[in-house]
Amino acid sequence: MASPVHLEGTTLEGGGQLLRIAIGLSSLTKVPVNITNIRGKRSGGGGLKAQHLTSVQWLSQASSARLSGAGLKSKEITFMPSTRDQQSETYLKSEIQISQNTPGSINLVFQAILPYLLFRGSHFPVRVHISGGTNVSNSPSHDYVSQVLLPMLSLIGIPTIESELHSRGWSQGGARLGSISYIVTPATRPLPAFQLTNRGDIKSVRVTILAPKACEQHFRDELDVMFDKRETAIFGDREPEVEVTFEDSRHDKRFYLLLVATTTSGIKLGRDWLYDHRVRVGKLEHVMSSMTKKVFSDLIEEIEHGACADEFLRDQLVVFQALAKGKSSVHGGRRKGELVEPSLHAKTAQWVVHEIIGADFDVEGGCEGIAFGSTEEDVDRKEGGKLRQSLEKLHVSTSKDK
Ligand SMILES: Nc1ncnc2c1ncn2[C@@H]1O[C@H](COP(=O)(O)OP(=O)(O)OP(=O)(O)O)[C@@H](O)[C@H]1O
């Protein structure tokens, strides 16, 4: 087997996403990887947290990989997928259960395994049940995934993924476990290249509030005032269409607000905040007004620079651009006439896909994908053809001892 591609875990963002993308791509393409200094830029010493370990272990079993070094807080792992075109029997079941006993983000586990579930070459839908956190700081919430990520994946041509929330799991207001099921239908051919370049006008905004029931009216009033004030910045000359949903968070320290704008071309832009500052008794009005101000101004910033994917979605689409067939483009918007730079997360994702499968991004957010899953690519892969050779070249040029 070729020597593993070495990834230094402190590169760019230096967090967990580098690991998730690397292991997800490795399990699909069978390119072995070695990651050192995992999450090396995170405070607290870095290394694998439970959420990362869960994803790595699941993918290693699913792709019959040899995994070494993996444990809680590990800073180095080597992931060597089996080169035989055979998946582990256990993981071909139509029901998959992934359990976490802390509220590690369910959606980050899902982010790690989704490319594998979609492109592993199966023809059967799977139902994946994951327990952990549904609303966790610095990760996509259940609400963001169901209202932004999944519709956007469908817009770019990925078979519709359904999600079913069973119960909420929180990182705030004391740890609490929840669970979600996803039904994923695998792609039966490579993902065609997609173009997210025409944003259109903002047609409607959907607001999701999770807060203690006693705060409902105040929160709604704050939003009304803000919509009145910022109507033109959001809707321009169009008649505003706003829908507000409130759910009782059943805890006086659990506050979450999400705004999702839908454009005339079907694009969804989302911004949210799971309140993570101290909630003081008697100061709840301050919590609601600061959440409303911040989430509105974040969304308006996204709207003003005209991007076709919000800052978070942009990094989450990188892996799909790299696997698609042909050149996919995601317009990231312009600020003062200049293209908006990808976030550090997006740059990191682009670096990882380059290192593992050789896909490159241009400054405008375009990427010529490797057509993963096409017959030609399969033949190449099985018979040691073009792709295999170029991957092997990459192993050599990026191996650890370089
Ligand atoms: N508010 C948000 N809405 C949607 N997606 C988000 C949000 N915040 C973070 N994300 C996404 O979550 C992922 C976070 O990656 P990151 O590497 O920071 O996470 P991590 O595994 O928790 O690692 P670490 O603990 O090392 O930060 C990125 O894909 C990012 O786009």
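Heads up, the Cβ atoms here are built off N, Cα and C, so glycines get one too.
Copied over from TrEMBL, here are the features:
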type: DOMAIN; residues: 12-363; note: domain 'RNA 3'-terminal phosphate cyclase'
type: BINDING; residues: Gln111, Phe312, Leu313, Arg314, Asp315, Gln316; note: ATP binding site
type: ACT_SITE; residues: His345; note: active site, tele-AMP-histidine intermediate
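Features recorded in TrEMBL, as mapped to the structure shown.
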| residue | record | DSSP (3 states) |
| --- | --- | --- |
| Gln111 | ATP binding site | helix |
| Phe312 | ATP binding site | helix |
| His345 | active site, tele-AMP-histidine intermediate | helix |
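Across the structure, His345 (active site, tele-AMP-histidine intermediate) and Asp315 (ATP binding site) are spaced 6 Å apart at their Cα atoms. Only Phe312, Gln316, His345, in sequence order, out of the recorded positions Phe312, Leu313, Arg314, Gln316, His345 have a CB under 6 Å from ligand 1. The residues near the ATP site, meaning same-chain residues not in Gln111, Phe312, Leu313, Arg314, Asp315, Gln316 whose C-beta sits within 8 angstroms of the mean position of the site's C-beta atoms, are Pro140, Leu149, Ala309, Asp310, Glu311, Leu317, Val318, His345, Ala346, Ala349, in sequence order. With a cut-off of 8 Å between CB atoms and residues at least 6 apart in sequence, the same chain places Ala307, Val330, Gly332, Pro342, Ser343, Ala346, Gly365 near Arg314 (ATP binding site), listed in sequence order. Maximum C-alpha to C-alpha distance over the listed ATP-binding residues Gln111, Phe312, Leu313, Arg314, Asp315, Gln316 is 13 Å.
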